[in-house]
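Enquirer: According to TrEMBL, the protein has these features:
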type: DOMAIN; residues: 17-406; note: domain 'Major facilitator superfamily (MFS) profile'
type: TRANSMEM; residues: 48-67; note: transmembrane segment
type: TRANSMEM; residues: 88-113; note: transmembrane segment
type: TRANSMEM; residues: 171-188; note: transmembrane segment
type: TRANSMEM; residues: 226-243; note: transmembrane segment
type: TRANSMEM; residues: 255-272; note: transmembrane segment
type: TRANSMEM; residues: 292-309; note: transmembrane segment
type: TRANSMEM; residues: 316-338; note: transmembrane segment
type: TRANSMEM; residues: 382-405; note: transmembrane segment
Amino acid sequence: MQQGVVAEARGARGARLLWLALLALFLSYVDRGLLPVAGPAISDSFDLSATQFGLAVSAFFWVYAPFQYVSGWLVDRHRLYRQYAGGVALWGLGTGAIALVTGLGGLVAARLLKGLGQAVTFPAMSKFILRHGEPHWQARWNGAMIAAIALGQALSALAGGLLIAGLGWQAAFVVAGAVTLLWLWPWHRATAGLAEPVAAVVAGPRVSYRAIVGTRALWSASAGHFSGNYVLYFVIAWLPLFLVRERGLSTSEMAVLAGGIFCAQAVGALLAGQVADRFVVGRADESWRRKALMIGIYLSCAAALVVAGTAASMPVIALALVLTAATVGAGGALLYAISQCFAGPAAAGRWVGVQNGTANFSGIVGPVITGMLVDATGNYSAAFMLAALLAVAAALCWSVLLPAIRPIEWARQP
């Protein structure tokens, strides 16, 4: 990258832009988390079975997952800041539109619009971190990214749950959509006059899509990310319904407990970022340390899911869910830092687009599988066990399948 662009991109202005981008990511998960929180009320309003509700959750990912591949290519080459704003506008409109739907078909259509808008977020965030963040803070910025996700879910569960209990589920979607659209004004002001990375000039060789998709590291990371995302979306999509329908909590009680659980996810992400930057990055055995952290995180996650799915005591279940959320947050913070390490600035958008797109196919199949298991068995035990198996698979992918974690020398790739 040219020296003048670096000076413009980093420093105080770059940090402000990163925090504003993180605010949009936070809002995206407030919006995304509202459907699960409103799940009991919406299911009652439209007489939805668990399988039908799972289908509505899944619809978001029908476009969100495959469009990641396109978004990754676009953010590496064309008007990054405007694309991000366009995505925010689409998902804000999709969120507000849910208040107007009258059945499953309308719910699916609004979710499709949200998925299209949010497809730009993770490829763009990786570009923002590499362009605007200081290199020695990379893991911490990724931790902040996952913390923003978790805190968005926490606010969605707490404020959204209380708003739904007081004013109804339609009001919650109107408020969330309007707040998201208001974000566009400060973003416009923050990026005014800032050079758009159109066909961005970055140090190093030009990297082809063929070279990126031909790496073992990409597909190993995608498999681990898919497995971890299955657990993440299981918690996001089904935690409110599990607490209300299976454990008998009221909507207000669920909102408080779920909010606390998602706060634990944020704490896990922030701690993991701190640990990685202080004790892992730059060490001679950095690759081994990163893998060891991922093994410990996802095996702990699997154990917590087994306890949450089999325990009879509500306090024990709550503690197990807190540990599940904390480990999911920690894993999310570290996996994006690993991907950015492999890809480098020249390929980060496309790499994360392919990896995140592949990983989010779990959002298509996971909610439907969970709904079918709940309808077939009448409880959530089998669904928790399957999620635990996927957490074990994530540990294996990040440790056994993944090659040594180091920047890829793209000039040597065919």
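Glycine is no exception: its Cβ is also placed from the backbone N, Cα and C atoms.
TrEMBL does not curate its annotations; it predicts them automatically.
Help me picture these features in the structure, burial and contacts included.
Expert: Long-range neighbours of the transmembrane segment (88-113) within the same chain, counting only residues 6 or more positions beyond its ends whose Cβ lies under 8 Å from a Cβ of the stretch, are 24, 27-28, 31, 34-35, 42, 46, 48, 52, 55-57, 59-60, 62-63, 170-171, 173-174, 176-178, 180-181, 183-184, 187.
Same-chain residues lying 6 or more positions outside the transmembrane segment (171-188) and placing a CB less than 8 Å from one of its CB atoms are 20, 23-24, 27-28, 30-31, 34, 37-38, 81, 84-85, 88-89, 91-99, 156, 160, 163-164.
Beyond the transmembrane segment (226-243), the same-chain residues lying 6 or more positions past its ends with a Cβ under 8 Å from any Cβ of the stretch are 32-33, 35-37, 39-40, 43, 50, 53-54, 57, 153, 157, 161, 249, 253-254, 257-258, 261, 298, 301, 305, 321, 324-325, 328, 331-332, 335, 358-363, 366-367, 370, 380, 383, 387, 390-391, 393-394, 397.
Same-chain residues lying 6+ beyond the ends of the transmembrane segment (292-309) with a Cβ under 8 Å from its Cβ atoms: 224, 227-228, 231, 272, 275-276, 280, 316-317, 320-321, 323-324, 327-328, 330-331, 334-335, 380-381, 383-385, 387-389, 391-392, 394-395, 398-399.
When Cβ-Cβ distances below 8 Å are used as the criterion, the transmembrane segment (382-405) is approached by residues 216-217, 220-221, 223-224, 227-228, 230-231, 234, 238, 286-287, 290-292, 294-295, 297-299, 301-303, 305-306, 308-310, 331, 335, 338, 341-342, 362, 369-370, 373-374 of the same chain, each at least six residues removed from its ends.
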